[in-house]
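Look at TrEMBL and you will find 71-157, 165-247 tagged as domain 'Peptidase M48'. Feature annotation from TrEMBL assigns repeat 'ANK' to 301-333, 334-366, 368-400, 401-433. Residues or ranges marked as transmembrane segment by TrEMBL: 20-53, 263-284.
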Amino acid sequence: MNDPNQTSSLIHKKEERYFIIALVFSILVYLGLLLSIVLIFVIPLMILLPLFARAIAMATIRTNGVKITARQFPEVHAMVQEQCGRMGFAAVPDVYVMESGGFLNAFASRFFGRNMVVLYSDLFELIQSGGDRELNYVIAHELAHLKRNHVVKQLLIIPALWFPFIGEAYSRACEYTCDRMAAYYTGDPEAALDGLTILAVGKSMYKRVDRDEYLLQSSREKGFFVWLAERLSTHPTLPKRIHAIRQFAGMPQSTEFAASRTWIVALVIAAAAVTGSITVGVVFSKGIMKLVDSLPAAGTATESDLLAAASEGDLNRVRELLDAGIDPNATDEEGWTALMWAVQLDEAELTAALLEAGADPDLVEQTYEETALTVAVYNGSLESARLLLMNGANPNLQDSLGWTPLMTAASGGDMEAVRLLLDAGADPDLTDDSAFTAADYAMENGYDDVAALLLDRGDRI
């Protein structure tokens with residue numbers, strides 16, 4: 001099962017990119033320190049102190065934790081051996097269980113050349129409550145960190161790990177990779193979803209969580225501090241990880257996360273704001289006061305109100321705001337319009353109201369440059385997609401990766417959406433940045449009937 005081609009497809013597209021950035025940054029830091037006679041002594045400390053601290057921590061675990069063996073929790077030992085065999089480990093890592101004081105967690109590490117996985121006891125207790133599948137996913141996730149050499153790589157980029165944003169970005173990409181690998185090697189994406197839900201709400205209540213509602217709730221959280229909290233975290237938010245696994249496994253999605261790619265710009269802006277606040281306050285105090293005075297008074301309708309109402313599917317409120325003169329093409333910081341929110345929710349009346357008010361169906365959001373039509377097709381909102389096409393939406397607009405709405409429909413095997421788009425003039429012969437057509441994606445995912453239709457309607461034979 002350890003196919004190199006398949007394994008490469010499991011790696012998150014940003015993992016290697018962020019590692020190179022972090023490595024280059026770390027090398028530059030080391031070179032900068034080497035140029036200073038005083039700071040040259042900092043380099044050994046930067047490397048040795050983390051290694052020393054980790055060695056002490058791992059030694060404590062090895063002497064106090066319970067090691068999983070063929071005689072100690074043999075059923076879990078069998079899980080570990082099975083996953084190691086599937087991933088192609090030459091030697092089975094040591095697995096320990098440690099009391100965690102209520103924390104639900106696990107991690108991978110190394111101890112003088114020995115790979116280790118540590119399971120916190122509260123998570124390990126899943127074997128007592130029928131949670132073997134979820135525990136198997138957690139184990140596979142940590143083994144994936146070892147398989148990808150994440151522990152060793154982090155030692156190479158220590159300066160980047162100490163600098164905000166860079167190290168965290170790499171770490172988050174690693175988590176996405178390991179989630180994929182765990183879902184693939186266990187062959188149980190549903191257990192992966194349950195395992196992540198456990199981390200959110202605990203091992204007693206996770207089966208009662210409505211995951212669609214959980215993801216929708218999280219997707220609506222926006223703003224600077226939400227963005228900053230995510231960028232300073234070494235792990236993606238749990239809802240985004242759940243969403244990513246669903247997407248990887250080809251499961252139906254009811255929520256779309258619009259992640260921002262503008263973190264570098266935001267970082268520069270934040271730094272400038274901190275360093276220049278006093279100067280701005282003194283020099284431009286009068287201008288600032290005029291600006292404050294010109295802000296809308298409480299109760300005045302704004303573009304943000306329209307976007308919020310659309311994201312909640314509130315048709316009456318949207319109509320009130322449109323009648324008040326709010327621009328139907330207003331966007332949020334991610335470039336999302338009210339129309340995009342409406343089609344994601346498949347609110348046909350809301351979609352129609354926005355289109356009637358002049359909403360442009362071909363505007364693109366900032367993350368992947370997707371249009372409202374792509375959002376509608378991705379979420380299975382066929383009635384909304386039909387309305388968009390009737391109102392002039394271009395079915396051949398391509399996103400930042402070259403994908404068209406037709407490719408989105410074909411890759412998900414949505415025959416009805418494929419027919420709708422073809423009838424509206426979608427070109428089945430367009431290719432994306434990988435030179436794939438919609439038919440190629442349909443065949444790749446096993447939707448031969450969809451591929452046959454596309455080939456029949458296109459120029460290819």
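Including glycine, each Cβ sits where the backbone N, Cα and C put it.
Long-range neighbours of the repeat 'ANK' (368-400) within the same chain, counting only residues 6 or more positions beyond its ends whose Cβ lies under 8 Å from a Cβ of the stretch, are 252-254, 256, 337, 339-340, 342-348, 351-352, 355, 361-362, 406, 408-409, 412, 414, 416-417, 420-421, 424-427, 430, 432. For the domain 'Peptidase M48' (71-157), the number of residues in each DSSP class (helix H, G, I; strand E, B; coil) is 45 helix, 18 strand, 24 coil.
In the predicted model, the domain 'Peptidase M48' (71-157) has a mean pLDDT of 87. The DSSP breakdown of the repeat 'ANK' (301-333) into helical (H, G, I), extended (E, B) and coil residues amounts to 18 helix, 1 strand, 14 coil.
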